[in-house]
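Some features that Swiss-Prot has for this protein:
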BINDING   Gly232, Pro233, Phe234, Gly235, Ser236, Gly237, Lys238, Thr239  ATP binding site
Amino acid sequence: MVVGKIIKISGPVVVAEGMKGSQMYEVVKVGNEGLTGEIIQLTENEAIIQVYEETAGIKPGEGVTGTGAPLSVELGPGMLKAMYDGIQRPLNAIEDATNSIYIPRGVNVPSLPRDVKWDFVPSVNVGDEVLAGDIIGTVQETASIVHKILIPVGINGKIKEIKSGSFTVEETVAVVETEKGDKLVTMMQKWPVRKPRPSKVKLPPVIPLLTGQRVEDTFFGLAKGGASAIPGPFGSGKTVTQHQLAKWSDVDVVVYIGCGERGNEMTEVIEEFPHLDDIKTGNKLMDRTVLIANTSNMPVAAREASVYTGITIAEYFRDQGLGVLLTADSTSRWAEAMREISGRLEEMPGEEGYPAYLSSKLAQFYERAGRVDCLGSEDRQGFVCIVGAVSPPGGDFSEPVTSNTLRIVKVFWALDANLARRRHFPAINWLTSYSLYINDIAGWWKKNTGEDWRVLRDEAMGLLQKEAELQEIVQLVGPDALPDRERVILEIARILREDFLQQDAYHEVDSYCSPKKQYNMLKVIMTFYKKALDAVAKGADPAKLSAVSVKGDIARMKYMPEEEFIKTKVPEMIKKMESELGALIK
């Protein structure tokens, strides 16, 4: 064990001498209070340490003790419903242990509860051959999630002993006979946060991640195992969009990282989620959620740790064959922490003062998303989707964090402050957003909704783009100067914007929209477009289109229950539009 001495302190950065024999990214205990830190730079005898706790009051001459291990997380039953800080310290347990609403410095509480007993049900027998990643048993962790206990990476052999009953996470549940002797398996594993967890093979992202949000699913779809960025200026709805994703996404587990954002936003999640029902299981949303709270007033160095802690927890659930959504709000705050520490290290600054390695750090994080064949002898697939919010100052998408993120992710949901001011939510700008997964996921949509899904989607997108081109002319000379066909396009584009793209996050029906309902809503609007064009071509007055009563039905369809809408309302509306538009023809 290396024991050094502090010689310099600069905010969260501490320099210690006498650290020969230490390793990069080794966790150290700093000062008399034993603050947690991580070595980020080594010279022959000196180590530069980023400290994950407040450094006020520590002084040169105090000791620095190496632990010999990298920054790691504890993985096992007890993570769901938990709330951690950036280095996986359980906030509720710290409050109980210290009887304080603040985190005392140097506090050391285990990440997983050591006194809770979990009912372990074995799924293998003595004598069975097992590989790393094999499931040896299960624990019913919450009402929603059955936690699968895996053979740790690096252990292959034969089951020598397997137990059944109630155990804590530290008690042995299995003994595996390997070539290097017997290995004891507990329900808890430790894993270094900076090292991606291995898998057999990465699979192509061809299944859409259904979010229930029409603009995201239909127009800018994200695939399971994909990565997406949500950049937007302040007040444009990044956090509400991420809350909606956490509530409604077609995943088994949600890891929500509050990385340097306001404490009130984390409070909102903690207060809302225990009362909300999960659409898939009918249980509470909190039962499938892991919260990592690293708010703006916490030490900046821990922002980087919180991102890596979150993705490692997500990969662990992925290895069980589950689907995981990781939302990070906001990666800009992590980048700002990197900039601050880089400045204190006196490194050469890159663009706008960010370190030169900004893009490689972002890439390391986003590249850990993916749909994989999990380790183990059986065929098991899991995925991690990453949705990172970006907060560009002044909504400038050309700044380094946004531009580097866009090089890495394939889905870009651009939030627009102008749309938010017009009360258009979700405020995702359909002209600047894009998804590069559309060709990959189109097959799923065609198979599960309708063969013409891609045609309808592309036509609708074309109408919205055409409307943007016509707006300049309309502002100069008014809509009456346009040809009849283009007046129809303006009317249908308005219907698409107001009745399809807008969605009420607080309405019990409209908050979530299924793929079939999305497809049928789009089909109704595009059928109205084609029939309106026919009517106008046969002499109908385009000004009278806005007076037909079927338009009111179209405006109300998002509030209709799905079954009633698809079975009865869609045929009724198509029949009604035929008769009403037919009556307009002279």
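Cβ atoms are placed via backbone N, Cα and C, with glycine included.
Close to the recorded ATP site, the chain also has Ser391, Leu415, Ala417, Ala420, Ala427: residues not among Gly232, Pro233, Phe234, Gly235, Ser236, Gly237, Lys238, Thr239 whose Cβ is within 8 Å of the site's Cβ mean position. Put plainly, the binding-site residues Gly232, Gly235, Gly237 were compared by Cβ crowding within 10 Å, and the winner is Gly232. Highest Cβ count within 10 Å among the binding-site residues Ser236, Thr239: Ser236.
Here the Cβ of Lys238 (ATP binding site) has 24 other Cβ atoms within 10 Å, regardless of which shown protein chain they belong to. For Pro233 (ATP binding site), applying a Cβ distance below 8 Å and a minimum sequence separation of six or more within one chain yields Ser391, Pro392, Gly394, Gly395, Leu415, Ala417. With a cut-off of 8 Å between CB atoms and residues at least 6 apart in sequence, the same chain places Ser391, Ala417 near Phe234 (ATP binding site), listed in sequence order.
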